[in-house]
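> I'd like to ask some things about the structure below.
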Amino acid sequence: MNRGKALQLVKPHLTEHRYQHTIGVMETAIDLAKLYGADQQKAELAAIFHDYAKFRDKNEMRTLIREKLSQQDILFYGDELLHAPCGAYYVREEVGIEDEDVLQAIRFHTTGRPNMSLLEKIIFLADYIEPNRQFPGVEKVRTQAKTDLNGAIISSLVNTITFLLKKNQPIYPDTLATYNQLLLEQK
């Protein structure tokens, strides 16, 4: 699927702000794919569709997870996480993308997971550092991403985990497991 067609398919599902975010994620993912030797076309496609289900009805997504998806535990960790596994499902069913690499990158872009593929890492990080994102610590992660993909992911996870702890929010187990795995690999 070419870029124009993909963007045309995703745009009706997003607000203008989220569409601009998606463009930023796409451009960042392509840059990271070039830098780290990942498949640029897959990175582009996964980035374009990563938030495909972002604005779906929450009850509809909860029902989908309960009835058809394996990530049942995600239901206990906040509505912000639902769109990733549901997005992978909807992209397969509604858009017809069957490339499991692309679908996995969409599925885990919010939480991460241990043993992420290179493509999954790129989409996870591109979503965090795309140019429209402005929050404390993002510039450091952007700089780090140019030379150390895993280190940048660790930094993004530290920021996310710290943010959730300060808000007294639960942390999805795969997020902690991703942090632990990447940190232990660096030692």
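Using N, Cα and C of the backbone, Cβ positions are placed for all residues, glycine too.
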> HIS50, ASP51, ASP127 bind Fe cation according to Swiss-Prot; which of HIS17, HIS21 goes with them?
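Given HIS50, ASP51, ASP127 bind Fe cation in Swiss-Prot, the matching entry from HIS17, HIS21 is HIS21.
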> Give me the sequence-ordered set of same-chain residues, not including HIS21, HIS50, ASP51, ASP127, with a C-beta within 8 angstroms of the centroid of the Fe cation site's C-beta atoms.
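Other same-chain residues with Cβ inside the cutoff are ARG18, THR22, VAL25, ALA47, LYS54, HIS109, GLU130.
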> Of these binding-site residues, ASP51, ASP127, ASP174, which scores lowest on Cβ atoms within 10 Å?
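Across ASP51, ASP127, ASP174, these binding-site residues, the one with fewest Cβ atoms within 10 Å is ASP174.
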> Near HIS109 (ADP binding site), which binding-site residues out of HIS21, HIS50, ASP51, ASP127 have their CA within 10 Å?
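Neighbours among binding-site residues, in sequence order: HIS50, ASP51, ASP127.
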